[in-house]
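Taken straight from Swiss-Prot:
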type	residues	note
ACT_SITE	246	active site, proton acceptor
BINDING	200, 212, 272	Zn(2+) 1 binding site
BINDING	212, 247, 345	Zn(2+) 2 binding site
CARBOHYD	51	N-linked glycosylation site
CARBOHYD	141	N-linked glycosylation site
CARBOHYD	805	N-linked glycosylation site
CARBOHYD	866	N-linked glycosylation site
CARBOHYD	879	N-linked glycosylation site
REGION	623-653	region 'Disordered'
SITE	344	site 'Transition state stabilizer'
TOPO_DOM	1-11	topological domain 'Cytoplasmic'
TOPO_DOM	33-418	topological domain 'Vacuolar'
TOPO_DOM	440-470	topological domain 'Cytoplasmic'
TOPO_DOM	492-497	topological domain 'Vacuolar'
TOPO_DOM	519-536	topological domain 'Cytoplasmic'
TOPO_DOM	558-567	topological domain 'Vacuolar'
TOPO_DOM	589-703	topological domain 'Cytoplasmic'
TOPO_DOM	725-736	topological domain 'Vacuolar'
TOPO_DOM	758-762	topological domain 'Cytoplasmic'
TOPO_DOM	784-1034	topological domain 'Vacuolar'
């Protein structure tokens, strides 16, 4: 009994290997995506100086309270970090100093040209001086102008911010001696430049900040412990920055411009949290050389797709990375948590919902990046390509492509390398296939696109069936892809937000549906018109499609520096080799002439048989075998006369001949020796073309191994990242149609490797997928889209009219669900709710908040709602006085226990905040008619702002003359341009309160957390949870 080929192109092996190969890659990739590597034991820890237990303890301490910049808890967290920094240095017995004047440096607006970088092979002695210097910034401030701000106001605006950053300088062996930052105000290159490691220690007012950005902060403490341990002094100096004020406008990074270390740091690693756990992804990098620093990460995770998403504007969330690169010109990496977004900026961004594994992932990967950067000299110093002298002299980098493989390997190549690869494929792959096609044609073995062939000129043409199966693949692909996309759009229309909590249910539906529809069409066509060329034609179509896509990928890489098309380079490479195998299969076939000749001979034999006078003529004329033949036993149908056929047919061959003698044409023509080998001869599969019997039946397996693994790996990793990053974007007002379209598209791409072989799959596989499809379809259509683990985010703010002593509560979110939430709140039940369109799909729903008036810090106990109108009279004070000039006004502004106020003027003004460093030349943009909005931040809530304000009216006012300038002639220019105006100045002041740590301070927020459904998450709508507004007039 013959053993079946386990790799044969038949139903059993094809079904088995399709399941095995897809399961072998889909399951691990999903597992890697959903899990986080375990913290290694002490014996296996690649960085023994990193103490995850200690870091976790620090994290639990700083996340006990909400700690936004505008809160008392924020000051406590800053003090805790200063205490921990000194404890680590004392423990490691490190010589350190503390700088009192840690900021306020005003740099020239144009830097000097940086000297050429030092030669890498030059030996120099170790830098001398204190090993560590601590900078506690309590004096820096920045003032800048623009056209949009943290309050999303329209028109020109001004911002004044006071910094409270904490910096630690770790001396490198290549750094200059001593305290080189003292007494130097020229921005020349210091040594080989330094590495900046940044994280922000403020949280949002509605979240504890465990991953945003507590893990980044405690990672910095452990990095400090690593580099201050004996034997670990870095080569290039390292600056550890714990900045404050990131959440409401990247202010902490912006005020770093006034640090004495500003021009020293030329490369950076930014640690951020845009999610609430999981793995920390390499979000983006500036160039190839910097990315190589991440190459040694123990568990690399990320690809260039995220960076291109920022570049194209598809991802709008910004981090301090934007300041370091766009404003300062540094080169570095952005490492951040990005999922689950449903917990981001909510009270579930805490240690209960985080893990030590996530902390270890960020900590170990970031230290690996920092370590590689501090060892790298010569790349991150020198003149810039853009020639911008306001920016750091960080040299220039190369565009790159990068991606991880299974969370363990990391691949990097130059973008021009990708361009060369794709361009080579575009040229070489069709030429190679054309060459093989030419050789096959010369050998007369190119069966594709061949209808008929003749052996000789006088013979009738023989059908080859070379066109059978040509149109099946595009028809099946278009129809199955269309139905798959339509199913995703159906879910979007009926239950659009199910993707929020159940993305894998949508994945299962689209994957099963595409396979099911494609199998039905391909299998049906194969049954009706069997063709041995169906697999080959599928490869030809795949080659054409991937080649066309690769043209776009190549153009994007060359013209727009977009590297995200790299998966299609892999895909086309695999398709090219697989298509080449399909062509090479034809070399095993007889030539078409030979096939036609054999077919013609067989036909002649059939004709001769049909013309014989009686059955005796059927006896072979080969006399050497006649004697061996044994006469058949007579039966009832045996003729009475030997010369007569049964049934009185008079020698005519009828259809009953085959039934009577059961002897085929091949049996008649075979010798007994040939008859013995009959069972071993290859036969065409299931009525396919006769010539296909000689096609290799095992090459399909190698084609599957070429196509499936690489396609699944590169595309599924990207698909899982994209869907995880945007599947909950509906809470931000974005239409989820993009998520559904992405899932449908990636489902099609992931299953494309199976399409050339799908018609040989067993009926039971699509039958099972049919069940999967119906179950997931019903679930996706009827299930409630949110859950306690995947909460819908709504945005909260309470607005006080301090003049009228009234309150309005605003809940912003998806209107259908926001109304359900408000109906369950004690203060909102039964009240009229007015909803107006907000951003995207969201609505701003408002109701009267008189029942839950805030008990702001000056009140020690709750007051009844019907108190006198002066309840909040002294909450915000604005004292306005005129100076000697008839148009110049002095504003004295204070707000009880608030660090931020916003002034909205009815007419454009120029302004100067007392004690400011002047207009920042980096962040300011020229304004045409002054500013109408002014945002003021202060580090000490007990010190009022004093602002000089003057109404102006001019056609064009340069940015530098709207406020105090460090240039001596700025005042004269200002006098020349302004138009004095003695009329009254009016407007509105709005101050913010963000501290909800004491229960009862903001009762409306407390009840939103307590009484909302468990599928609702409450986050901040603006800087403050409470905004108090009042009018002013001078």
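Don't overthink the numbers, they just go from 1 along the chain as shown.
Every residue gets a Cβ built from N, Cα and C, even glycine.
Here the topological domain 'Vacuolar' (492-497) has Cβ contacts under 8 Å with residues 730, 736-737, 740, 780-783, 785-786, 792, 814 of the same chain, all six or more residues outside its ends. Across the topological domain 'Cytoplasmic' (519-536), DSSP classifies residues as 13 helix, 0 strand, 5 coil. Within 8 A of the CB centroid of the Zn(2+) 1 site residues 200, 212, 272, the other residues of that chain are 199, 209, 213, 216, 246, 247, 271, 273, 274, 319, 320, 336. Here the glycosylation sites are 141, 805, 879, and the one ringed by the most other CB atoms within 10 angstroms is 141. The Cβ of residue 272 (Zn(2+) 1 binding site) lies under 8 Å from the Cβ of 199, 200, 212, 213, 216, 283, 319, 320, 321, 334, 335, 336, 337, each of which sits 6+ residues away along the same chain. Beyond its flanks by at least six residues, the topological domain 'Vacuolar' (725-736) meets 306, 315, 338-342, 492, 496-497, 499-500, 503, 742, 790, 792-794, 813-814, 838-842 of its own chain at Cβ-Cβ distances under 8 Å. When Cβ atoms from all protein chains are considered, those within 10 Å of residue 212 (Zn(2+) 1 binding site) total 28, not counting its own.
The Cβ of residue 345 (Zn(2+) 2 binding site) lies under 8 Å from the Cβ of 204, 206, 207, 212, 793, 1019, 1020, each of these being in the same chain and 6 or more residues away along the sequence. The number of other Cβ atoms within 10 Å of the Cβ belonging to residue 344 (site 'Transition state stabilizer'), over all protein chains shown, comes to 26. Every protein chain shown contributes to the tally, and the Cβ of residue 200 (Zn(2+) 1 binding site) ends up with 30 other Cβ atoms within 10 Å. Summary of the Zn(2+) 2 site environment: with the site residues 212, 247, 345 set aside, the chain residues having Cβ atoms within 8 Å of the Cβ mean position are 203, 204, 207, 209, 213, 273, 344, 349. Distance noted between the C-alpha atoms of residue 879 (N-linked glycosylation site) and residue 51 (N-linked glycosylation site) is 53 Å.
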